[in-house]
Ligand code: SRM
Ligand SMILES: Cc1cc2nc3c(=O)[nH]c(=O)nc-3n(C[C@H](O)[C@H](O)[C@H](O)COP(=O)(O)OP(=O)(O)OC[C@H]3O[C@@H](n4cnc5c(N)ncnc54)[C@H](O)[C@@H]3O)c2cc1C
Ligand code: SF4
Ligand code: FES
């Protein structure tokens with residue numbers, strides 16, 4: 001029996017996608033396939049058309065190769081326009097011949113609408129749809145200086161950017177009062193306009209072009225209805241698209257009043273053997289001008305042709321996220337609040353150039369739509385709320401407020417249902433992703449290859465990654481949080497195990513809950529946990545082998561094997577006498593002396609055996625350890641405050657000293673830094689610290705989770721106008737919660753950013769005691785504070801502990817021969833270079 | 001001249017720190033001795049010199065095991081060295097010297113391949 005013939009008219013994005021689906025399906029074996037394309041190039045990615053101006057070639061944009069077509073036995077006719085369809089005889093006709101079909105697919109896309117303006121046939125007028133269009137525009141831009149785009153919609157702005165990239169002075173002429181009237185509201189449009197004008201594209205709104213005539217200074221002159229005019233060298237029309245339904249009309253298929261080939265849920269036209277998909281199809285009075293709905297139609301039709309009677313196209317989401325001329329624009333669902341009873345929440349920051357609007361249901365529970373201009377970072381989360389009907393949080397505004405004002409972080413991937421659509425281009429749900437992972441995909445690349453997610457417009461890339469990571473993590477793949485090969489637990493798990501079971505030594509912990517004997521990863525981490533729980537001296541026999549060298553010797557090892565000494569100088573306040581002692585000791589042992597970034601003095605170059613002697617002297621003068629070596633509180637930086645400063649409103653030095661004494665010695669997942677400023681001038685830079693305190697007229701403002709260092713982060717305002725007591729109990733709780741729940745070597749900043757619920761959640765736990773553990777946290781802190789000891793004092797007083805500080809146990813007088821010195825700026829420094 | 005291979009006393013049991021290292025000075029240079037109580041034999045000796053920094057610090061690293069191999073992590077740049085073979089786990093071209101070491105009553109004896117060693121320890 002000979003095969004039936006399937007003909008596809010149109011070799012664009014959707015037509016090609018249909019072929020990909022269809023050739024991979026069982027029904028393909030029963031068909032010979034012929035494809036006609038009017039354009040001379042094989043189907044290419046029109047969505048990324050503009051990249052043609054920034055260096056991409058047709059090959060880069062192509063959706064397949066000619067080989068792919070021949071390998072799949074598809075008879076491809078490019079540059080061959082179909083001019084007629086004879087439904088009775090089931091044939092199509094091109095200028096080259098007539099071909100018979102059994103099933104016909106119309107995937108003819110759409111064409112740009114050019115308003116009937118006098119003079120529009122001028123050779124300097126273009127549209128923006130195909131590679132040929134772009135070639136023509138490029139050629140015309142040679143010698144031109146100005147370009148105008150007619151139409152301020154999505155494509156018009158993209159075209160304006162293209163003109164700019166060709167070096168032209170770009171203008172946009174829009175008939176409506178604002179830009180992107182379909183997707184944006186007045187405020188959003190106004191902000192977008194401002195931003196675009198800042199980028200050098202001039203916007204002329206409420207202009208109706210009446211005629212295009214010869215220009216005086218430029219090639220053309222556009223006359224407007226209000227008797228103004230604009231001179232330009234070339235014009236690009238981008239005033240909307242119209243479905244390409246010419247063939248359908250001439251063969252009398254049913255079409256819409258305003259164009260479009262009418263299809264049912266099966267993507268079939270009024271003729272059961274003719275189907276239409278993509279931008280030419282009119283479904284439920286709607287034309288879909290985006291690629292994702294077209295792809296869904298393509299998949300549906302392929303299923304239908306395979307006899308799947310359940311397959312149906314049931315509409316598509318038209319949400320869009322774009323970067324137009326570098327400006328983020330997003331529009332989701334019912335952006336214009338057309339749903340009865342819908343309410344709006346708006347956030348606008350004209351200064352930063354951000355506008356966000358949420359449209360929520362009358363009962364306040366669901367997100368119906370949204371508009372974003374200036375910053376699309378909220379898009380993915382909002383889209384998921386809207387698409388999946390996820391219940392909004394109690395304070396929905398947090399979804400669009402900046403984080404510093406209590407904004408909620410992104411919706412965690414766990415909150416998404418399995419049906420949540422992650423990639424709309426390829427209709428990939430969270431469930432599909434999980435399925436791919438279960439079937440053996442163990443990284444992002446494999447999941448992409450299997451599901452094709454994020455290989456379309458690319459808009460879902462970030463979301464896909466979070467979902468994949470989180471799912472892999474759940475299955476214990478690669479992104480494992482295991483501490484190391486010895487413990488299949490996170491630091492937080494281990495903390496709970498230690499605490500709940502009252503475990504006091506590493507040995508017991510690893511015997512009961514781990515394997516092997518430990519390593520340089522788990523030992524210090526467990527040492528820190530044990531210290532937080534039981535606060536025993538770090539140099540007791542059980543704990544000493546767990547410590548990093550810096551903790552073992554309570555000093556920081558330098559590149560030549562010597563150590564630095566950092567005595568505590570609380571709040572940076574120091575008496576002249578104490579300063580003199582530091583100077584004397586440093587002179588006696590020839591230590592390099594430097595003021596640190598933490599408002600204290602670092603003495604470098606002590607040998608191991610000198611450490612206890614030096615500390616004896618420092619302790620005698622009233623110093624104590626500064627924990628510069630520990631994962632614990634470093635310094636509490638202060639400004640001089642109201643005791644001296646004319647602006648100070650509180651005693652910032654006093655508070656800094658108090659805090660430093662309170663929290664010194666607290667072992668934590670990573671180091672802790674604090675600062676207290678005496679007024680909002682913020683001389684102590686408190687907002688860059690883990691805990692920052694700024695004085696107010698009425699008390700203290702508390703900031704948390706700031707970070708300097710490799711990835712600076714401003715601290716978040718946590719509570720305002722606290723009393724001394726209120727400040728202390730709040731800090732107690734924040735710190736204890738951090739110490740209990742953070743990962744190994746996780747600063748407070750990263751801890752907070754990774755916390756489900758973020759700042760808002762932390763506030764609930766600490767300020768509202770939502771977990772009911774506030775008292776317990778404070779009590780735990782009180783225990784630690786009351787068992788503080790200066791580790792150095794205990795160590796120098798204990799001969800057993802002092803024994804550890806012998807460089808060579810059998811040769812006390814031996815000087816380490818590799819420690820060679822030179823002098824620089826009047827002080828000693830190591831000669832040794834790392835090898 | 002004495003014989004080439006000598007088992008010399010370098011320190012006593014009291015000098016050792018369980019699961020950690022100490023350093024002794026020998027004519028062959030500084031040597032790190034590790035006491036790992038849960039292993040048999042429990043003593044290991046390797047060069048005290050960290051080949052990556054040239055400093056004498058290996059005895060001050062954290063001990064442990066990686067895939068069953070007893071190791072010490074350099075306290076400076078954290079590379080791991082096998083206590084058995086001296087092999088650096090991160091770089092197959094780097095290996096530190098190893099020594100044989102044993103417990104003789106209370107005394108720790110180290111095998112030194114040199115002619116002129118004089119025990120300094122009591
Ligand atoms: C001495 C000092 C530099 C100076 O000469 O001023 C210093 C020196 C060291 N810093 Fe620092 N940091 C010093 C202030 C800072 C500051 C400024 C501050 O605290 O106001 C920062 C940025 C603020 C912050 O941490 O948020 C800073 C960010 C770091 C980081 C990056 C932390 C991060 O989260 O990205 C490290 C690496 C680490 O901890 O993992 C680091 C690590 C180190 C180490 C411990 C590196 C090491 O392992 O050898 C340095 C050895 C100190 C020593 O031997 O005594 N140091 N370091 C400062 C000591 C302050 C003090 O009195 O305790
Ligand atoms: C500059 C630009 C940017 C875009 N950006 C986005 C975006 O960010 N996101 C998004 O979702 N969408 C975007 N789109 C829209 C997207 O490109 C379309 O939705 C998609 O291309 C529609 O696919 P289609 O196959 O239906 O139509 P097309 O891709 O237009 O393909 C139809 C093909 O059929 C051919 N044809 C028509 N009639 C005949 C005939 N009689 N005989 C033979 N061949 C015929 C046409 O020449 C054409 O090649 C953009 C479009 C443009 C132009
Ligand atoms: S922060 Fe305010 S009080 Fe403190 S020193 Fe600066 S100006 Fe003075
Ligand atoms: S949504 Fe377009 S690629 Fe996934």
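Cβ atoms are placed via backbone N, Cα and C, with glycine included.
What TrEMBL says about a protein is an automatic prediction, not a curated fact.
Here TrEMBL flags A:5-287 as domain 'FAD/NAD(P)-binding'.
If you look up TrEMBL, you'll see A:319-384 marked as domain 'NADH-rubredoxin oxidoreductase C-terminal'. For the domain 'NADH-rubredoxin oxidoreductase C-terminal' (A:319-384), the predicted model reports an average pLDDT of 89.
If you look up TrEMBL, you'll see A:422-467 marked as domain 'BFD-like [2Fe-2S]-binding'.
Summarising the annotation, TrEMBL assigns domain 'Nitrite/Sulfite reductase ferredoxin-like' to A:558-620.
Annotated domain 'Nitrite/sulphite reductase 4Fe-4S' per TrEMBL: A:630-766, in sequence order.
The [4Fe-4S] cluster binding site annotation in TrEMBL covers A:639, A:645, A:679, A:683. Residue A:645 ([4Fe-4S] cluster binding site) carries neither a helix nor a strand DSSP state and counts as coil. Every protein chain shown contributes to the tally, and the Cβ of residue A:645 ([4Fe-4S] cluster binding site) ends up with 16 other Cβ atoms within 10 Å.
Among the features that TrEMBL reports, siroheme binding site is placed at A:683. Using a 10 Å Cβ-Cβ cutoff, residue A:683 ([4Fe-4S] cluster binding site) registers 18 neighbours.
Residues 558-562, 590-593, 605, 607-609 of the same chain lie 6+ residues outside the region 'Disordered' (A:807-835) yet bring a C-beta within less than 8 angstroms of a C-beta in it. TrEMBL lists A:807-835 with the feature region 'Disordered'.
Annotated compositional bias 'Basic and acidic residues' per TrEMBL: A:812-835, in sequence order.
Excluding A:639, A:645, A:679, A:683 themselves, the residues of that chain whose CB lies within 8 A of the CB mean position for the [4Fe-4S] cluster site are, in sequence, A:640, A:641, A:647, A:648, A:652, A:677, A:678, A:681, A:682, A:684. In sequence order, A:645, A:647, A:648, A:649, A:650, A:694, A:695 constitute the residues six or more apart from residue A:679 ([4Fe-4S] cluster binding site) in its chain with CB-CB distances below 8 Å.
The residues of the compositional bias 'Basic and acidic residues' (A:812-835), classed with DSSP into helix (H, G, I), strand (E, B) and coil, number 0 helix, 8 strand, 16 coil.
A C-beta separation below 8 Å, combined with a sequence spacing of at least six in one chain, links residue A:639 ([4Fe-4S] cluster binding site) to A:645, A:648, A:652, A:653, A:676, A:677, A:678, A:682, A:683, A:684.
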